[in-house]
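Chemist: As annotated in Swiss-Prot:
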ACT_SITE  Cys117  active site, proton donor
BINDING   Lys22, Asn23  phosphoenolpyruvate binding site
BINDING   Arg93, Arg122, Pro123, Val124, Asp125, Leu126, Lys162, Val163, Ser164, Val165, Asp307, Ile329  UDP-N-acetyl-alpha-D-glucosamine binding site
MOD_RES   Cys117  2-(S-cysteinyl)pyruvic acid O-phosphothioketal
Amino acid sequence: MDKFRVYGQSRLSGSVNISGAKNAALPILFAVILATEPVKLTNVPELKDIETTLNILRQLGVIANRDETGAVLLDASNINHFTAPYELVKTMRASIWALAPLVARFHQGQVSLPGGCSIGARPVDLHISGLEKLGADIVLEEGYVKAQVSDRLVGTRIVIEKVSVGATLSIMMAATLAKGTTVIENAAREPEIVDTADFLNKMGAKISGAGSDHITIEGVERLTGCEHSVVPDRIETGTFLIAAAISGGRVVCQNTKADTLDAVIDKLREAGAQVDVTENSITLDMLGNRPKAVNIRTAPHPGFPTDMQAQFTLLNMVAEGTSIITETIFENRFMHIPELIRMGGKAEIEGNTAVCHGVEQLSGTEVIATDLRASISLVLAGCIATGETIVDRIYHIDRGYEHIEDKLRGLGAKIERFSGSDEA
């Protein structure tokens, strides 16, 4: 199993090119199931979860390949299987997104109950209830969610009980081929939902209101092919801005959009960072200063993103002052804090709240990554700690960050990947 060895006390500065957003690329790839003609996608990151998704699509009968430019070429015109099997689905919760387009286009589909990051309850109930309201019959048998409908799904008004990005995307995909009009109330508003809707509309869907809490979908009979470029990854952008903020450095994030990161940029400025934005870049300069502690409360977009909570927890661990971090989206999302405490951080956890007391210096040690965003916070901690830090279970990072060690080295980090068997 691979690990990272990180040598600390680096000031991270330079320019980094931001990859396409995993959280947009995944639903867009599954939405290709709806298309009767070839699709070309660009700015798709090279990640474990992307490769898993491509393998699921291939299992269904989709032709899926990358060309010499890195574009992903897909042809779903001859899908001949309707099951996403356990051996592929078990590593990735996003696999549930295969179900809605299969049922919408082929009137049947089954997906193994999914796996992924262990950060508390992420139930598929909202996906299932949304499809049922559109007319699908769904049963859970032998670890599989099995759905079918005798004819086309039928549009209706659906109120999502708790704001859910995943359920919003599932219902939106399914409704594109339903009879009549579907209205999603209390829809999630994330930029990745807007990008998925833009992609579906390019294929001939009729979706309006994406980015608001009220999405309307007028069903059509078929979706065609298109070309689409995936939006930049706002969480990767925020992660590299944090890298500069905690190390006193200056980082320019290229190929990104500031308007998807307002809540994060506001908090970075509150922490003392100088942040300048252009149409396609964000520059953060700490001018060599230590950050100031900032209180964080995660919330659905446009609030503060839960996927940036671990990175800001690290910032608060090394900031001047005391801060309160409240996690409202997922359970068990403070699993990085005990590891940061082992590095010399000071914090107490009570329920969904953590209180961080900033220290001047962290110390390198061996730590274990527990999920995707926790993993990257430990790597960044190693970059600024004294001595050497070993980060174990970095397969979590490979699920969501493209070429992470190369990008960090480009900013001056001293980091190397090695196999656990190479330690001796």
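Using the three backbone atoms N, Cα and C, a Cβ is placed for every residue, glycine included.
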Chemist: Using a Cβ cut-off under 8 Å and a sequence separation of 6 or more, which residues in the same chain sit near Lys162 (UDP-N-acetyl-alpha-D-glucosamine binding site)?
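Modeler: Non-local contacts for Lys162 (UDP-N-acetyl-alpha-D-glucosamine binding site): Leu126.
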Chemist: Select the most exposed residue of Lys22, Arg93, where exposure means the fewest other Cβ atoms within 10 Å, treating these as the binding-site residues.
Modeler: Arg93
Chemist: Pick the one among the binding-site residues Asn23, Ser164 whose Cβ has the fewest other Cβ atoms within 10 Å in this structure.
Modeler: Ser164
Chemist: Which one of these binding-site residues, Asp125, Asp307, has the sparsest Cβ neighbourhood, judged by other Cβ atoms within 10 angstroms?
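Modeler: Counting other Cβ atoms within 10 Å of each of the binding-site residues Asp125, Asp307 gives the minimum at Asp125.
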Chemist: Spatially, and counting Cα to Cα, which of the binding-site residues is closest to Lys22 (phosphoenolpyruvate binding site)? Options: Arg93, Asp125, Ser164.
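Modeler: Going through Arg93, Asp125, Ser164 one by one, the Cα closest to that of Lys22 (phosphoenolpyruvate binding site) is Arg93.
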Chemist: Rounded to the nearest angstrom, how far is the Cα of Asn23 (phosphoenolpyruvate binding site) from the Cα of Asp125 (UDP-N-acetyl-alpha-D-glucosamine binding site)?
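Modeler: For Asp125 (UDP-N-acetyl-alpha-D-glucosamine binding site) versus Asn23 (phosphoenolpyruvate binding site), the Cα atoms are 20 Å apart.
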Chemist: Given Asn23 (phosphoenolpyruvate binding site) and Ser164 (UDP-N-acetyl-alpha-D-glucosamine binding site), what distance in Å do their CA atoms have, once rounded to a whole number?
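Modeler: With the alpha carbons as reference points, the distance is 13 Å.
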